[in-house]
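Record features (TrEMBL):
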- 30-50: transmembrane segment (TRANSMEM)
- 41-276: domain 'G-protein coupled receptors family 1 profile' (DOMAIN)
- 59-79: transmembrane segment (TRANSMEM)
- 108-126: transmembrane segment (TRANSMEM)
- 147-169: transmembrane segment (TRANSMEM)
- 175-200: transmembrane segment (TRANSMEM)
- 221-244: transmembrane segment (TRANSMEM)
- 256-278: transmembrane segment (TRANSMEM)
Amino acid sequence: MQQAIHLSGSANDTAGNRSDCPHVVLPEELFFTISVIGVLENLMVLLAVIRNKNLQSPTYLFICSLAMSDMLGSLYKVLENVLIVLRNRGHLEPRGRFETTADDVVDSLFVLSLLGSICSLCVIAADRYLTIFHALQYPRIVTLRRAALVLAVIWACCTASGIAIVAFFHHVPTVIAFTALFPLMLAVTLCLYVHMFLLARSHARRTTTLPRANMRGALTLTVLLGVFIVCWAPFVLHVLLVTFCPADPYCACYMSLFQVNGMLIMCNAVIDPFIYAFRSPELRDAFKKMIFCSRSQ
């Protein structure tokens, strides 16, 4: 986010005399390349679900929601690079009205990506829970229409929240609320996992085994959640340090890794589609058909 970048820069200037950590600078071309790959990969996930009727189920609809979040995160960096090129070539007035508005729109995409990812992972966790422990009632409880309605409400709330967060990001309460969503999501998902584990152990004592496909889906969610935490947690920590200890040399040392943290976020969008393809035979087959059909044409 531009706000985080500006705050990080001024914070490191303040603490620069007391910190010996140099800024880690990554090439913009690398950011742009990984971002474009992330956009294309997640667009491929969306097209695979749209074009294959056997993938048009609530579970894959929730996966599409996560893919959309990842795609917005990559699109944010692509658009940011375009704005930088236009400004460097003199087509945009530095810090002018258009660039400021464009920055706010791009930053809203970034926040929307994070909020969408958090909500999508929570919904996928709830879907896995219902699939495993309410398998008989699942088709009646989670219909395609209800899943679409839930996602519509979630994305409407995320969009409104993203705009509000960008508009008031310079206020400390907004930063606290923004960063609190991360541990809150972890707490909700952890509670679901503990409950699933306890129920799974109870079911194992009374019955033979739980459906293998359902447990495979739960393992896929575990991998997705782990990758999300690894890729996003460093940035969330960066925002907290910029807000609460900008002049501390140790905080400034960590903030010098800002671009590395940003690269991790871009990598999340590239890794997730590989997880879908590796864990889902149906989606993997859909990818193969799309790739080989396009080559034959």
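Cβ coordinates are placed from backbone N, Cα and C, and glycine is handled just like the others.
Within the chain, the transmembrane segment (256-278) has long-range Cβ neighbours (under 8 A, six or more residues past its boundaries) at 4-5, 8, 12, 19, 21-26, 30-31, 34-35, 37-39, 41-42, 44-45, 63, 66-67, 70-71, 73-74, 77, 220, 223-224, 227-228, 230-232, 234-235, 238, 284, 287. It is 59-79 that, among the stretches 30-50, 59-79, 147-169, 221-244, forms the most Cβ pairs under 8 Å with the transmembrane segment (108-126). Residues 4, 7-8, 11, 66, 114, 117, 121, 124-125, 128, 172, 175, 178-179, 182, 186, 189, 193, 251, 254-255, 257-258, 260-262, 264-265, 267-268, 271-272, 275, 279 of the same chain lie 6 or more positions beyond the ends of the transmembrane segment (221-244) yet place their CB under 8 Å from a CB of it.
In the predicted structure, the domain 'G-protein coupled receptors family 1 profile' (41-276) carries a mean pLDDT of 84.
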